[in-house]
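Working notes for the structure below.
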Amino acid sequence: MGGQKTHFGFSTVNEDEKAGKVAEVFHSVAKNYDIMNDVMSAGLHRVWKHFTINTAHLKKGDKVLDIAGGTGDLSRGWAKRVGKEGEVWLTDINSSMLTVGRDCLLNEGMILPVSLADAEKLPFPDNYFNLVSVAFGLRNMTHKDTALKEMCRVLKPGGTLLVLEFSKIYKPLEGAYDFYSFKLLPVMGKLIAKDAESYQYLAESIRMHPDQETLKQMMLDAGFDSVDYHNMSAGIVALHKGVKF
């Protein structure tokens, strides 16, 4: 088969195949997503997201776009910050994840606009949002550079992008982290979610994602300024921040 190639975990696939394969993974894990996140990270994902929410300097009435918002953890936090005067969009490219996220928010009495949206072709006008966030979603995108440019496009001048993503762990911990990721994680996926393969992909996709400095440069290339990052949990995850001027 012809066409441009890209990675799907450690495998090489045609670019036009990756989105479908990623979709299969998240259709499979959607119902158990929050449970698995708690188990896999020993609850740390909630700490990472809480830090991300506290990093944003939002005010009442601000507009926020949550990309790859999944089960709505960040959207929930953003909505509390911007109040009823504000606007928070929960978006995801995966219908199963979006349905779970919408239902979770509804169960808490939160009615937010939701959109089935591809981050590489965002259905929003230029210069609209004060904040764009993407948590644990960028690594699954086929054309990360295109997605980052789209995020920049929809931000108002002075607006902020926050990217929370798995990253490059400190070198002395690599051996233990690899054992956990490739030996234990798929077993947990099989026992809890009845799906070892999706969690094997998760481990592989983390290793293929750009490291902290590479992602920083990608954000600069996409049009962001004042780009910096903060490592958490020894570099297991990093929060990148960029501003559109």
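Cβ coordinates are placed from backbone N, Cα and C, and glycine is handled just like the others.
The feature S-adenosyl-L-methionine binding site is assigned by Swiss-Prot to THR71, ASP92, ASP118, ALA119.
Remark: ASP92 (S-adenosyl-L-methionine binding site) has ILE67, ALA68, GLY69, GLY70, LEU98, GLY101, LEU116, ALA117, GLY137 as non-local neighbours, by Cβ distance under 8 Å and separation of at least 6 in sequence. For ASP118 (S-adenosyl-L-methionine binding site), the same-chain residues lying six or more positions away in sequence with a CB closer than 8 A to its CB are ILE93. Residue with the densest Cβ environment among the binding-site residues THR71, ALA119: ALA119, by other Cβ atoms within 10 Å.
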